[in-house]
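Shown next, in structure tokens, is the structure this report addresses.
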């Protein structure tokens with residue numbers, strides 16, 4: 001409507017003035033008045049639009065993967081573009097929430113705590129597995145491509161099927177299971193400071209599945225436990241309170257064919273982990289433990 | 001849940017521009033490993049000409065009678081393409097050695113936080129050694 005550049009109006013004005021001076025029949029006068037009126041209304045609207053543009057001046061362009069097998073027109077995957085007003089400190093998850101609330105309520109993604117603890121909003125953002133709530137938009141180049149996690153099947157939009165990941169996690173018994181418990185029911189099971197430091201990073205896992213999704217080996221070998229499950233195994237196998245026989249059992253689980261030896265040290269998992277867990281380091285240590293357990297020269 | 005979408009290969013090599021240092025190190029290590037295995041077979045094929053050579057078999061090379069083994073080697077070395085391939089072989093072997101040392105440290109759990117730097121270092125060192133070897137390999141080929 002009001003996209004005419006301002007100088008165009010200035011060019012027109014003198015010509016209109018000449019017309020007025022030569023002959024001013026009432027009908028034409030009325031038309032001229034109407035024209036002037038419209039021009040002023042246009043100018044006003046333009047000013048309003050300018051104001052609005054000034055108010056939401058910084059916008060960010062996000063491209064979001066869309067797919068919905070249940071609706072005929074959406075079965076072919078596509079990317080939707082959203083322009084989201086940028087605020088300082090805005091995260092990828094904030095942008096998605098804005099796009100869903102303001103533009104398209106059918107946009108589907110998992111999220112919960114928004115503080116990198118629940119582990120439900122891992123996405124593939126600009127080619128990396130990241131937590132939506134922990135990734136600042138200001139760190140990313142426009143347009144920000146947001147896709148579901150690779151190597152997991154897409155259920156809808158950004159929601160992937162996590163069942164396989166959870167199966168691998170459960171396979172290593174991801175819970176504290178000591179050989180002996182103290183006699184008194186309320187007695188503490190104490191851990192040394194050194195031992196706590198050793199397992200500290202591995203306890204930070206939030207089951208987001210970013211590492212599992214980044215792992216090339218897990219993508220090709222469906223039975224491979226994957227970095228998250230191996231990290232869980234490390235967390236408990238290295239815990240002194242569990243005792244030797246449980247540790248041996250745990251090592252037997254992880255040293256199987258599709259266990260720790262599938263790791264090819266590509267460091268993809270370590271690079272993407274949103275909780276900065278040194279996954280490769282833990283897997284390598286489990287490898288050494290497995291070798292030590294089996295090598296007997298005496 | 002009944003239907004889901006599998007994005008296929010686009011997730012893997014379609015994204016090679018986004019690969020990180022550790023991934024490239026792995027790919028190069030596999031590639032150089034297979035090249036070295038391939039070389040091993042041709043190497044054995046060339047060496048095995050020394051068996052008839054020890055039995056006194058000869059060929060005519062540029063008007064003179066030489067034994068089969070010497071004839072094969074001299075004929076191969078006179079080809080420019082073989083000289084260039086030798087430079088490539090050296091590059092491949094040097095990278096495989098240096099990255100192998102890097103992987104040894106990774107297996108021992110030493111310096112895992114600087115694994116990307118050690119990959120870049122092995123690349124640069126490979127490049128330097130390869131460039132330095134060019135005069136030796138190409139001398140007299142033209």
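Using N, Cα and C of the backbone, Cβ positions are placed for all residues, glycine too.
Keep in mind it's a predicted model, so treat the numbers as computed, not measured.
Looking at A:174-195, A:196-217, A:218-239, the range annotated in TrEMBL as region 'Disordered' turns out to be A:174-195.
Through the fold, the region 'Disordered' (A:174-195) approaches residues 229, 232, 235-236, 238-246 of its own chain, all at least 6 residues removed from its boundaries and within a Cβ separation under 8 Å. Within the model, the domain 'Succinate dehydogenase/fumarate reductase N-terminal' (A:61-166) carries an average pLDDT of 93.
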